[in-house]
Amino acid sequence: MKHVGLLVLGSLINSLGTGLSAFGLAVVILRTYGTASSVAAVQMSAFAPIVLLAPLAGVLADRYDRRLMMMIGDAGSILGLGVILTALSSPRPSLGWICAGAVTSSCLAALTEPALRASVTDLVTEEDYVRSSGLLQLASAAKYLLAPAAAGFLMPLVGPRGLVLLDASTCLVTVACTMTVRRALAAGASQRAASQPGDDRDVMAGWRTITASPGLRALVVLMTLATLAIGVIQVLIKPILLPTVSTAEMGVVETVAATGMLVGAALVTAWKSAQPTTLLAAGLAGTGAAMALVPLGPGAWWVAACGFLTFACLPLSQAGAEVLVRTQVDNTRQARTWGTISLVTQMGYLVAYLCSGVLVDHVLQPLLEPGRSLSTSVGAVVGIGPGRGAALLVGLMGAVMALVALTVRLQRRRLASPR
């Protein structure tokens with residue numbers, strides 16, 4: 001577990017840097033352009049290449065040294081951050097250049113995710129899968145848990161360019177952590193696996209692995225619906241909060257909400273004996289219920305409380321899904337299968353980034369303005385004015401999550417069966 005621990009440390013530091021720059025860019029874009037759609041455009045630019053290139057990254061991680069792929073991805077992503085830094089030098093930063101920098105950075109960062117997930121299978125036994133998944137959830141939580149409050153404090157001091165520079169420095173620290181693990185292992189397990197004769201190395205191998213298993217097919221569909229719902233709250237939490245709170249207060253509220261991920265990841269790490277389908281169903285149900293409550297109460301601290309419950313339940317569902325995949329896929333196909341799963345399931349995020357801002361700005365928010373058609377009906381429940389259209393959409397997606405959880409409960413045997 002010590003090698004996994006070092007990789008997790010590097011992932012945590014990198015996640016913190018990513019969260020700092022994401023917070024700063026979201027605030028700059030909202031203040032400059034004033035729409036949820038512009039924020040969604042930047043998030044999609046940062047996310048789409050990671051999703052679309054995931055199958056290719058998975059094949060490379062199965063064929064070559066997985067730790068080397070992680071190092072190339074983390075170091076190379078600094079190039080895109082340089083483009084963003086240049087764009088932020090303007091008094092009115094260009095949305096197009098910021099998106100271009102985000103695309104460049106994420107194209108290289110795409111190499112890291114399948115390699116990291118497959119490295120866990122390389123380095124631990126099956127008994128430690130749930131525990132390792134919990135540690136990875138803790139690392140990824142840094143961008144939600146620590147970054148908002150840190151960014152809210154640092155932004156008045158160093159500005160958005162300073163936050164991006166800090167992100168670049170964390171990439172270098174992550175490369176150093178991964179390099180240490182690579183040297184300690186000497187010859188990577190992924191290289192030995194890739195050299196086996198008859199190994200199916202093409203990009204479609206991951207897809208064939210998924211389609212051969214009814215359980216994996218069903219799991220991928222359910223995970224896609226779940227990522228759609230989570231993507232909505234990721235895009236809309238700032239438009240919900242910013243009309244009523246300052247930048248520093250928004251950072252504190254987001255940090256309080258994200259503290260739930262720490263609680264959830266700790267619960268996953270401790271609850272090692274839980275069945276993965278139980279973790280998956282419980283996590284999805286809790287996340288859906290918490291999201292459904294977001295539009296029903298007033299004030300930033302209500303959003304913080306609902307966010308805390310949302311993020312506390314999220315690691316349970318993620319850990320359950322990861323264990324189901326790890327136990328059904330051979331290690332020699334882990335990275336490419338994870339790459340294909342990422343491509344399919346995280347399309348939910350892309351749909352959320354593409355549609356949620358537009359849906360709020362042009363449909364829900366206008367209907368919830370004073371004197372409009374929903375202001376006296378739905379508006380009497382969720383409120384009217386700035387940010388309420390975004391809150392309503394989050395609540396609706398919470399209901400979708402609850403339905404997904406019910407499906408997992410009904411299909412738990414099928415999901416756990418490899419054939």
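Glycine residues also receive a Cβ, built from the backbone N, Cα and C atoms like all the rest.
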97-120, 337-360 - the range that TrEMBL marks as transmembrane segment: 337-360
Proximity verdict for the transmembrane segment (337-360) and the transmembrane segment (218-237), three or more C-beta pairs under 8 Å: yes
Cβ-Cβ under 8 Å with the transmembrane segment (278-296): same-chain residues at least 6 beyond its ends: 130, 222, 226, 229-230, 233, 240, 264, 268, 271, 302-303, 306-310, 312-321, 323-324, 381-383, 388, 391-392, 394-395, 397-406, 408-409, 412, 415
